[in-house]
């Protein structure tokens, strides 16, 4: 990206914001396929340093902690892990680590350690300076204008998360800002935000054309690009529940704020498919211990990370 002197500084901010957004997107839409085993490992153990720590555990301690986790996943204590039990556990794990990460971020953003994060503190942490855009004045430069819109959107979300209208966000409000999908009072705001961005004709719905954004069909092409076919399939089969060719506010929600349920269910089914030796569509402790590495390279143990977090392997959860 080439920027003139006037836009260089803000261009760097835009790159930072884009990188941050990409990180969030990757959390929600982790690629499958060739990286399947890596995805499994991170789901159970976490990042590479957690995997390394797991390896350092003695075999007996590894098995002891793994058995403790298996016992907790088995909600009805029947000795088997079903798809539902695995999915519920993985979703709980996602939420636990998201909350832990938000708590760590809160400390970093709270520059004066007063247990609140102000908008200025958020800006300083994100961009090393306080940024203030005029909401009603568009910028001529396309990149500057793109960043202005992104920044104003974050500001509105920050203000919505601030329930008590105090000088900044408490920890709970900061979690609502970072993870609106986990907080009920943010739902309506997120939907309205999506409508403002995508509902071009103002009818209160998002059509397929609006869903696809700026894509224009190429009359010289024999068929649509593969990514368009995928997006159309998602629109029809995943989001448009009443099959009326448009997304109403409630149908918008799983698109704009996807939760982890689908990811967790897919991972649970993957584990059962790979580890179920007798074809009963569930996993016994024996089947898991027959191939523990696969289980420890999956979301079920956050890629083994849970073996180092006593929140998961201690008796009281």
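Just so you know, the numbers here start at 1 and follow the chain as drawn.
Cβ from N, Cα, C; glycine included.
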Swiss-Prot annotates one residue of 82, 137, 297 as phosphothreonine; which residue is it?
137
Pick from 310-313, 314-317: which range has motif 'Prevents secretion from ER' per Swiss-Prot?
314-317
From candidates 182, 188, 210, Swiss-Prot puts in the same Ca(2+) 4 site as 199, 201, 203 the residue 210
Rounded to the nearest Å, what's the C-alpha distance separating residue 210 (Ca(2+) 4 binding site) and residue 287 (Ca(2+) 6 binding site)? Just drop the number here, would you?
48
Could you find out if DSSP has residue 201 (Ca(2+) 4 binding site) as helix, strand or coil?
coil
10 Å Cα neighbourhood of residue 173 (Ca(2+) 3 binding site): matching binding-site residues from 76, 112, 116, 203, 246, 278:
116
Near the Cβ of residue 240 (Ca(2+) 5 binding site), how many other Cβ atoms are there if near means within 10 Å?
18
Contact set, same chain, for the domain 'EF-hand 5' (227-262): CB under 8 Å, 6 or more residues outside the stretch:
28-29, 87, 90-91, 94-95, 180-181, 187, 190-191, 193-195, 204-208, 211-212, 215
Calculate the per-residue pLDDT averaged over the domain 'EF-hand 6' (263-298) and state the result as an integer.
90
